[in-house]
């Protein structure tokens, strides 16, 4: 498969899909019933009017106006086409193009030492990630996901290039799209802190003539060793000063966000009743399972399964404790949002109904699969530095665990961060990944367009979606 041909094919299908979706679903659908009228108010200059049902900040609407107004002026447009549903949905198509380019730049930056990898593999990897099904679908609707992902990727790219003030500014833009993006701004700062900690760790291990250096065994001794080092690092004034001098732009963003939370009396703006935070620890296990499925062409093979079984054999007590801990978390901290049980337009509704509600024991029987999914996740990125992996895990927990609602859209950025940092796959695995994503995307769009169904109390057609 030639990369330019695959890119042309992707954008042929993308433009075809967006025209079909707009033709079949002309009126705002699902969350669009809030987003589109609000954006249209901004287009009319009514910046003081706000729909109290909207829970995110106005980044999407401001960006839309900033793009549409110059286009309207240059093309001399007027009337209903200005800030129409179709025009607003087109904004996400632009963000999708930007995401493709940012993904390519990130892959080049993160894997620049891999000289054996060709440019074509990097392009195909970026192309595949830009069609990641959950993100790709929302390019056709006026949702915050495409723009939110764009600014997070841009923020991280600037961090990697050492442009920290620009990165912090882009992080503010990301937070304006979705408040929880503050977690990924913190991840950018955390990756810098992790690099400092890794450097200090290697120096200490070199002094102790420890051949393992930054490699820490996956057991209780290794965890204790890392914890003691972390406590020593964060209580050392010299280390704290060096870190603050590096991450101060991100600290300013964090302070601004903290002030916003105080003044707003919480993170959510607008309707808060359906967005209450809780400690839903199984969300982390759902994410690992989600990751295992979508990274299946790249991660699961005979040799990895054999390595997992060898790990079980070498450290049975460690895996036993982990399994018991997961069982306890599933037992005590499983929460089910009312929307998950009531809204049959979303795929998580059917995942919950067909799997988790079959029997009370199902959630516990899935624990071995969670253990393997978590181990596979860590095994896929084990070549990354120790403290960087810890920073990523902390941010993934912060992004998933407080969410009461099982919503696959919350997994988009965590998955992309994971996938970007995996070793560049071989060409045949990338082709299989791209094929898997394409099949899922075609099926999802087809079901959305063709498999409509009625609700008893509504005359509008209902559609299935992520």
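Counting begins at 1 with the first residue displayed.
Cβ atoms here come from the backbone N, Cα and C positions, even for glycine.
Checking the ranges 217-241, 317-341 against TrEMBL, the transmembrane segment annotation falls on 317-341. Counting Cβ pairs under 8 Å that are 6 or more residues apart, the transmembrane segment (243-263) and the transmembrane segment (283-305) reach fewer than 3 and are not in contact. Same-chain residues lying 6 or more positions outside the transmembrane segment (87-107) and placing a CB less than 8 Å from one of its CB atoms are 14-15, 18, 21-22, 35-36, 39-40, 60, 63-64, 67-68, 81, 122-123, 125-127, 129-130, 135-136, 138-143, 145-147, 149-150, 153-154, 156-157, 160, 416, 420, 424. Counted over residue pairs 6 or more apart, the CB atoms of the transmembrane segment (123-144) and the transmembrane segment (385-406) come under 8 Å in fewer than three pairs, which marks the two as apart. Most Cβ pairs under 8 Å to the transmembrane segment (317-341), among the stretches 54-75, 361-378, 385-406, 426-449, belong to 361-378. Same-chain residues lying 6 or more positions outside the transmembrane segment (385-406) and placing a CB less than 8 Å from one of its CB atoms are 180, 183-184, 186-187, 190-191, 193-195, 197-198, 201, 214-216, 226, 274, 276-281, 283-284, 286-287, 335-337, 339-340, 348, 351-352, 378, 413-414, 417-418, 421. Tertiary neighbourhood of the transmembrane segment (54-75): same-chain residues 34-35, 38-39, 42-43, 82-83, 87-88, 91, 94, 142, 144, 147-148, 151, 173-179, 268-272, 275, selected by CB-CB distance under 8 Å and a gap of 6+ residues from either end.
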